[in-house]
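Annotated features, as they stand in TrEMBL:
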- ARG55, THR56, ARG105, HIS133, GLN136, GLY261, PRO262: carbamoyl phosphate binding site (BINDING)
- LYS83, ARG166, ARG220: L-aspartate binding site (BINDING)
- 3-145: domain 'Aspartate/ornithine carbamoyltransferase carbamoyl-P binding' (DOMAIN)
- 153-299: domain 'Aspartate/ornithine carbamoyltransferase Asp/Orn-binding' (DOMAIN)
Amino acid sequence: MKRHLISAADLSRDDALLILDTADELARISDRSIKKLPTLRGRTVVNLFFEDSTRTRISFEAAAKRLSADVINFSAKGSSVSKGESLKDTALTLEAMGADAVVIRHGASGAPHRLAGWVRGSVVNAGDGTHEHPTQALLDAFTMRRRLGSLEGRRVTVVGDILHSRVARSNVLLLSTLGAEVTLVAPPTLLPVSVGSWPCEVSYDLDSVLPKSDVVMMLRVQRERMNAAFFPTEREYSRRYGLDRERFARLKEDAVVMHPGPMNRGMEIAAEVADSPRSTIVEQVANGVTTRMAVLYLLLGGADLGGEDQ
Ligand code: NCD
């Protein structure tokens, strides 16, 4: 594996499978009553969050702590960033504090890539602008594998605001590496211009794609990134692209419904669909911790997993 995890495209098929298999192993250990492993004792992981986040920041923190790493949480609010300090100066400060890994979320696409040029430790992209969110794609793939087995030839449909979604881009890249067939469904205004070169199909018609799907991943409409009207009204969006009860009823019997969160209940997904047993939304959160443990463990080259008796 490379030293950094910045894009899902950094992962070969073997790398991705190694992470997923390691996460499986870690999940078995996490089922024990004592969840903590001594593997990354004495290592320092810095969480550098320039954008709001609930689950991703907490998930990385829990993952690092379960591996016994020291965790430093940095959020831009209340820091010298609000005094105009540059990303480079912030990076050099972290470097001086001896960070072995820096987990970064930033509003600018490309920020983790820049950071990787300035620090000695590993950089993990926890979401950069509208670019990528590779650990979300890994936890999604992990969740799909647990429900469906191998992803080879499975049909995954990703629906909604693809234009602003780093989750969609990372998922398309990782899922195609793992042999799944991805179809993106969105109104034309919510698809990036470059989508033609992505390794996936595109459709504007949710109802024609749903009956063939093994996985339906609903995305949030990211209003905070919208500076114009991308669709007529919320009702109209919901009617054409929302996963409501009627559409849910037409899914294959063993199909699963996913959402990376945070959800707009009633908009892209009906509350009862989100809460159904075929939805993996809560599992995705739990699996996020195990998957991120696997990533940190493999990037930081922790001690052997097998020998740790609890
Ligand atoms: C996503 C993100 O921040 O990219 N959420 C997440 O990490 N679980 C998606 C979103 O904000 O809608």
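Cβ atoms here come from the backbone N, Cα and C positions, even for glycine.
A quick note: this is a predicted structure, and the numbers were derived from the prediction, not measured.
Features as recorded by TrEMBL, highlighted on the structure.
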{"residue": "ARG55", "record": "carbamoyl phosphate binding site", "DSSP class": "helix"}
{"residue": "ARG105", "record": "carbamoyl phosphate binding site", "DSSP class": "strand"}
{"residue": "HIS133", "record": "carbamoyl phosphate binding site", "DSSP class": "coil"}
{"residue": "ARG166", "record": "L-aspartate binding site", "DSSP class": "helix"}
{"residue": "ARG220", "record": "L-aspartate binding site", "DSSP class": "coil"}
{"residue": "GLY261", "record": "carbamoyl phosphate binding site", "DSSP class": "coil"}
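Long-range Cβ contacts of HIS133 (carbamoyl phosphate binding site) within its own chain (separation 6+, distance under 8 Å): THR56, ASN125, ALA126, GLY127, ARG166, VAL167, SER170, PRO260.
Each residue in SER53, THR54, SER59, ALA126, GLY127, VAL167, PRO260 lies on the same chain as ARG55, THR56, ARG105, HIS133, GLN136, GLY261, PRO262 and has a C-beta within 8 Å of the C-beta centroid of that carbamoyl phosphate site, without being one of the site residues.
DSSP labels the residues of the domain 'Aspartate/ornithine carbamoyltransferase carbamoyl-P binding' (3-145) in these numbers: 65 helix, 27 strand, 51 coil. Here ARG220 (L-aspartate binding site) is positioned 14 angstrom away from GLN136 (carbamoyl phosphate binding site), judged by their C-alpha atoms. Between the C-alpha atoms of GLY261 (carbamoyl phosphate binding site) and ARG220 (L-aspartate binding site), the distance comes to 7 Å. Sequence-distant contacts of ARG55 (carbamoyl phosphate binding site), defined by Cβ-Cβ distance under 8 angstroms and a gap of at least six in the same chain, are GLY261, PRO262, VAL285, GLY288.
Less than 6 Å separates the Cβ from ligand 1 in the case of ARG55, ARG166, ARG220, drawn from the binding-site residues ARG55, ARG105, ARG166, ARG220 in sequence order. When each of the binding-site residues ARG166, ARG220 is scored by how many other Cβ atoms sit within 10 Å of its Cβ, ARG220 comes out lowest. Neighbour counts of Cβ atoms within 10 Å were compared across the binding-site residues THR56, GLN136; the minimum falls on THR56. By the criterion of other Cβ atoms within 10 Å of the residue's own Cβ, the least surrounded of the binding-site residues ARG105, GLY261, PRO262 is PRO262. Of all Cα pairs drawn from ARG55, THR56, ARG105, HIS133, GLN136, GLY261, PRO262, which the record names as binding carbamoyl phosphate, the longest spans 16 Å.
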